[in-house]
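Q: Handing you a structure now.
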Amino acid sequence: MAPRCWRWWYWTAWPRTRPPPAGCTLSVRQQFSTQEQMPQICVVGSGPAGFYTAQHLLKSVEASLCPQPTKMSCIPLSWEGEDQAQPLPGPICHRLLPQHHPRAHVDIFEKQLVPFGLVRFGVAPDHPEVKNVINTFTQTAHSDRCAFHGNVVVGRDVTVPELREAYHAVVLSYGAEDHQALGIPGEELPGVFSARAFVGWYNGLPENRELAPDLSCDTAVILGQGNVALDVARILLTPPEHLEKTDITEAALGVLRQSRVKTVWIVGRRGPLQVAFTIKELREMIQLPGTRPILDPADFLGLQDRIKEVPRPRKRLTELLLRTATEKPGAEEAARQASASRTWGLRFFRSPQQVLPSPDGRQVAGIRLAVTRLEGVGDTTRAVPTGDVEDLPCGLVLSSVGYKSRPIDHSVPFDPKLGVIPNMEGRVVDVPGLYCSGWVKRGPTGVIATTMTDSFLTGQMLLQDLKAGLLPSGPRPGYVAIEALLSSRGVRPVSFSDWEKLDAEEVSRGQGTGKPREKLLDPQEMLRLLGR
């Protein structure tokens, strides 16, 4: 995905600087001659975007922009469901040019007491391999030029203008903390949850620890057909014994052990060609023990001819859907499905219209769906109602129609419609020295490779501006000034070494039951363990 541009903003504050020509070997001292002192840089948010931005600013050899794409324009990393290399948003090659700053210091501020953002609180517990990126982030945090400050809410405990006064540059990488509302009647009924909150509940996000979803119903409906929707469906239907050795919270596991949910419908406004989940996630659902899929072959009529020209990842995904919907399974698979006690299905061409209450009005009893058809072609395809509706009985509704960012401070421009900070290649418009990376920069899309490269590009822009003398000259106090402010306001930040004490406690608690860790859920308990 190309960096987002707001063409209606007149851009004058950031003149472009060209990277050194091929073969040029500028010394680090020459590159940063306008900033001989130690540049103080602040990153807000300790998820993938925050840590990758810090990593780019600190590491010894970096990727530089290259005028021609190369074979290295794909990096085979994954984030929740990608099983193949992803094209990066812009041609990049790995040249051995020093693109870091040898003396820059980076402070990472985080509102939670613990680091790693969606890697800790968003990645499904049965996907431990995705969480291995924490090892890389830990190496960055251990750098003597990097410091983590948790338990600090930017916008409340300290303002963005105060950060800008203390640092040469500030990078906002705080992600998408909210969910898109459905905007339909009945959305407030008990039994309706955002998928974001449900994921936070089973992953130990402190603000969701008391969610207490009622899983005593037979049928659950998930609105949305992305990877998060399939994660939630998989957790609902996975035999609990298969989750016992993961880092899912014990509280969530206890509720799942008592679950009576037997059927999960995953509903989308458009058709099979428009699903947002990836092939790895789909394979996991198809092969999920104790379950069988329900797909209507009528939804796939004429699709075989239409997928010939689509990109290969989409073609492979649609072919797997087609085979699952239309082909008779082999003997072994047929026997497995026949013994399945739980089912899941994809409902296409359906848009939520109303959440239906129980007779006493105290609980969800179903959802009314508008039947849709597609208009337009390609990227302009949209779902329009046909006028028909259908009611789908259920006792649980999970909305997975998207995440969104919130404005962090009144001094920072924010586009409420797009849910992002207006920027040009990571430079916040009309606010020199302020940058953004990750979902708050481009919207809640992409896999980990997208976030990594997006963050590297923001770091690249910051370093170019530093080299060109566009950032404030003279020394800045950095964390010394912010620490004094926080102390005067009664805020006690948590350091990375503090986190490592909490980490050791979690690992110790998990060992007794064979889990990798038992996550701490209560911030007050965390502070007590740290002697606060």
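The backbone N, Cα and C atoms fix where each Cβ goes, and this holds for glycine too.
Source: prediction; values computed, not measured.
Taken from TrEMBL, the feature FAD binding site applies to ALA49, GLU110, LEU118, VAL154, TRP439, GLY446, VAL447, ILE448. Under the heading NADP(+) binding site, TrEMBL lists GLN225, GLY226, ASN227, VAL228, ARG269, ARG270, GLU281, GLY446. Sequence annotations record features per position, and here TrEMBL assigns domain 'FAD/NAD(P)-binding' to 40-236.
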Q: At a 10 Å cut-off from the C-beta of LEU118 (FAD binding site), count the other C-beta atoms across all protein chains.
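A: LEU118 (FAD binding site): 24 neighbouring Cβ atoms within 10 Å.
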Q: Measure from the CA atom of VAL228 (NADP(+) binding site) to the CA atom of ALA49 (FAD binding site) and give the result in Å, rounded to a whole number.
A: 19
Q: Please report how many Å separate the Cα atom of GLY226 (NADP(+) binding site) from that of GLY446 (FAD binding site), as a whole number.
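A: It is 11 Å, counting Cα to Cα.
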Q: Would you mind checking how many other C-beta atoms are within 10 angstroms of the C-beta on ASN227 (NADP(+) binding site)?
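A: Summing over all protein chains shown, ASN227 (NADP(+) binding site) has 22 other Cβ atoms within 10 Å.
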Q: For GLY226 (NADP(+) binding site), list the number of other Cβ atoms lying within 10 Å of its Cβ atom.
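A: 24, counting other Cβ atoms within 10 Å of GLY226 (NADP(+) binding site).
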Q: Considering only the binding-site residues ARG269, ARG270, GLU281, which residue has the minimal Cα-Cα separation from GLU110 (FAD binding site)?
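A: Its closest listed neighbour, by Cα, is GLU281.
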Q: Nearest to GLU281 (NADP(+) binding site) by Cα, among LEU118, VAL154, TRP439, ILE448 (binding-site residues)?
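A: Nearest listed residue in space: ILE448.
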Q: Taking Cα atoms as reference points, rank the binding-site residues VAL154, GLY446, ILE448 by distance from ARG270 (NADP(+) binding site) and give the first.
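A: When the Cα distances are compared, GLY446 comes out closest.
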